[in-house]
Structure formats: C-alpha cells, structure tokens
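Participant: The following feature annotations were taken from TrEMBL:
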COMPBIAS  1-10  compositional bias 'Polar residues'
REGION    1-32  region 'Disordered'
COMPBIAS  20-32  compositional bias 'Low complexity'
REPEAT    57-96  repeat 'WD'
REPEAT    177-218  repeat 'WD'
REPEAT    220-260  repeat 'WD'
REPEAT    265-297  repeat 'WD'
REPEAT    311-340  repeat 'WD'
Amino acid sequence: MSMFTQWSSPSDEVQDSDESNSSSLISQPSLPTIPSLTPPFDLPTIPAAHPHCLATLKGHSSSIFSLALAGKHLYSGVSDGQIRVWDRNPSSYTQTSDNYAVSESRSAVKSIVVSGQNLFTAHSDHKIRVWKIDNNSGQGRRYYAAVAVLPTVSDRCMSLFSAKNYVKVRRHKHCTWVNHVDAVAALAATADGTLLYSASWDRSIKIWRTSDFKCVESVQNAHDDAINAVVLSGDGHVYTGSADRRIKVWRIDGIDQKHSLVSTLEKHKSAVNALALSGDGAVLYSGACDRSIIVWERDGGAAHMAVAGALRGHTKAILCLAVVGEVLCSGSADKTVRVWRRGSGNGYSCLAVLEGHRNPVKCLTAGLDSNHVKAEVDSDDSYLIYSGSLDFEIKVWKVRVPCR
C-alpha cells in the first residue's frame with residue numbers, strides 16, 4: 001500500500017484507504033512577502049526545553065491519520081478504519097501495554113472528536129460514525145457500541161420527498177443536503193458539546209445536533225475546493241481551511257440563525273492543511289503546503305484577522321497543528337514535529353525539533369504532563385506531545401518549557 005496520501009485534492013480519491021497522489025507532501029515555494037517571526041537560523045532557540053521521546057506506540061498496521069485526547073485516554077484512528085484506545089500516561093507503557101481496538105470500519109478515520117460519552121469519527125466513505133465510550137476494565141476488552149451513522153436513516157428519509165432538499169453536488173448529479181458526498185476531513189465540537197461541525201472534501205460544512213444527531217444546517221460550496229480543516233472559537237466564530245488556499249471565517253447570523261461569511265483570509269499560496277486557535281481565540285495558526293505557518297491576530301476590523309507574520313523552519317508541507325497552553329506544535333511531511341512559543345513582542349521561539357518518525361507526521365495532539373510536579377512556582381511547565389505518522393507509529397514526547 002502506498003505510504004503517501006493526498007489531503008489537498010479529493011478528486012483523485014477512489015478507495016477508502018485514501019491511497020492517492022501526494023500533492024500535499026510536495027514542498028511548495030514559501031511565502032517571501034510575509035515577515036518571519038522566528039530568528040533566521042534553523043535551530044531550537046531555547047535548549048533548556050530538554051525534549052525527549054518517552055515511548056513509541058505500536059499496534060496499528062496502517063498509517064495514523066487522527067489522534068484525540070480525552071480524560072485518561074488517547075484515541076488513534078488509521079487508514080484501514082481501526083480505532084484504538086491507549087492510556088495517555090506514558091509511564092504505564094510496556095511491551096504488553098493495555099491498548100486495544102475499540103472499533104473497526106472499512107474506511108479511513110480522518111478525524112476524531114470526543115464529546116461527553118460519545119466518540120465521533122469522520123471517514124473517507126463520506127460518513128460520520130458515533131460510538132458509545134466504554135472503558136470499564138472490569139468488563140474486559142470489547143468494541144464500543146455503534147450509536148449512529150450520520151446522516152441518520154431518519155434524516156435521510158425526511159429529506160427524500162421534497163425537491164427543495166436536493167442540492168447539486170456535481171454536473172448532472174444531485175443529492176439531499178444532509179449527505180456529504182466526499183471524504184469528511186475534519187470534525188469540531190462546540191465547548192458545550194451541543195453541536196458538531198463537519199468539514200468535507202465536497203466543499204461543504206455541516207452542523208449536527210449531538211442530542212439526536214440531526215443535521216441542522218449545511219453550508220454548500222463553502223469553498224472552491226476541498227475543505228481540510230475546521231476549528232471553533234469560544235465566541236462563536238468558525239474557521240475553515242481549504243485546498244483553494246483560503247481560510248474563511250463564519251458566524252451565525254442573528255436574523256435567520258444560519259452561518260454567514262464574515263471574512264476570507266488570503267495569504268497562503270498553496271493548499272491549507274491545518275488550523276489551530278490559541279486558548280483565548282485571539283490568534284489563529286494556519287499550516288499549508290508552502291512550508292510556512294501563518295500567524296493571524298484579531299484586528300477588530302472588517303477583515304477580522306490580520307497577518308502578524310510566519311513561522312519558518314519546516315522543509316516540507318505543514319500537515320497538522322496543535323495548541324496546548326502557550327505552546328504551538330506543528331507536524332510536517334519533513335517527518336519532524338516543531339514546538340513553538342511566543343516570546344516578547346510578536347516574536348516566536350522554536351523550543352524543540354522532534355525527530356524520529358520515518359515518514360510524514362499526519363496528526364498531533366498535546367496536553368499538560370499530569371505527572372510533572374513543579375519544584376517551585378516559577379519552575380518549568382511540562383507538556384506531553386503525541387504525534388501520529390504514516391510510518392504506522394505514535395510517538396509520545398516530553399517537552400519542558402521554561403517559565404518566562
């Protein structure tokens with residue numbers, strides 16, 4: 001099976017395994033017109049970060065496409081459709097560490113979101129699946145119960161009998177608006193867990209009510225090409241990144257309670273693969289095939305976000321981003337993970353370059369190290385970073401971040 005997968009253009013996808021061209025992995029020209037926020041040399045600027053790999057998690061037999069942390073567990077989804085659960089604490093890992101498959105499907109798992117007691121997974125077969133989380137060790141290892149497949153049968157049936165429920169999805173083909181008609185690339189849940197957003201290579205965004213899994217809205221033709229990423233801010237803004245090189249900002253209109261376009265951010269010169277927001281929602285990070293991470297900051301104007309600059313250092317496409325605390329993590333087709341932190345003013349420092357994967361890093365998640373005990377109030381913070389790669393492995397990294 002090919003180890004390289006195309007994320008930026010869905011038109012060539014013909015199999016659930018996501019085997020296709022590797023345009024997202026090809027290094028594109030960088031962005032010379034955007035000022036760099038990092039020093040002009042390619043080395044970590046704070047050696048005291050002391051990064052090291054705590055564990056390499058093996059168990060999957062195909063490429064790691066998605067990761068998610070929830071409670072005491074780490075969830076991983078892969079190109080063959082399997083989902084596994086792991087203890088998020090690396091001190092518990094052994095050769096026979098307690099990890100196991102909790103679900104199987106025939107379609108690549110492109111995104112994972114945990115909300116309440118439900119595990120939502122996005123797949124390349126155009127579906128979203130819902131699983132009931134059950135990690136009760138007293139019951140032994142067993143698959144999670146399948147709760148629903150979105151759109152539900154009820155949703156599909158209710159929309160069949162009215163012509164107004166059909167939308168044009170391609171030439172000479174129409175489909176009901178509740179259906180995605182290409183791979184579902186990304187999921188995001190609101191903070192209160194009431195709504196789930198899905199972004200697809202069919203260029204649409206759909207919003208689902210988690211109480212009954214009903215599709216309550218669809219934004220058709222939200223972009224001119226595949227949508228690869230979606231993130232939500234606490235104030236109600238929705239950000240989508242696409243292979244059309246654009247990032248769009250959406251918000252619910254107060255009149256008809258439907259999403260409307262607030263702004264279009266256009267600075268990338270190639271497909272946007274990943275988005276991440278700072279904890280307060282004031283800073284947006286976008287990663288693309290141009291090897292740069294653009295930093296956008298709220299400006300209060302009509303554009304909503306203004307370019308602050310770019311983070312450079314990766315030598316190939318940016319494939320994934322994750323924010324934890326004041327730290328940004330980026331994974332790339334260059335097989336590395338970089339860890340960044342904002343310094344004084346608008347500058348950023350590269351705290352660490354994590355090397356060890358044998359193939360592109362496709363997904364990331366991160367959290368505070370719960371086992372780290374500060375000796376003093378102003379001592380280092382410790383983070384655990386989990387990286388999934390096309391080499392079938394998940395690596396767990398520990399990075400200590402010096403206090404300011």
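Glycine is no exception: its Cβ is also placed from the backbone N, Cα and C atoms.
Unlike curated entries, TrEMBL annotations are predicted automatically.
Values in this document were obtained by computation on a predicted structure and should not be read as measured data.
Help me understand the surroundings of these features in the structure.
Facilitator: Across the repeat 'WD' (57-96), DSSP assigns 3 helix, 19 strand, 18 coil.
Within the chain, the repeat 'WD' (177-218) has long-range Cβ neighbours (under 8 A, six or more residues past its boundaries) at 7, 10, 13, 18, 108, 110-113, 115-116, 118, 120-128, 130, 147-148, 150-152, 154-156, 159, 165-167, 169-170, 224-232, 234, 238, 240, 242, 250, 258-259.
For the repeat 'WD' (220-260), same-chain residues at least 6 beyond its ends with a Cβ under 8 Å from one of its own Cβ atoms are 7-10, 167, 177, 182, 185-191, 197-205, 207, 266, 268-277, 280-281, 284, 286, 288, 296, 304-305.
Counting residues per DSSP class in helix, strand and coil order gives 0 helix, 18 strand, 15 coil for the repeat 'WD' (265-297).
Mean model confidence of the repeat 'WD' (311-340) amounts to 96 (pLDDT, 0 to 100 scale).
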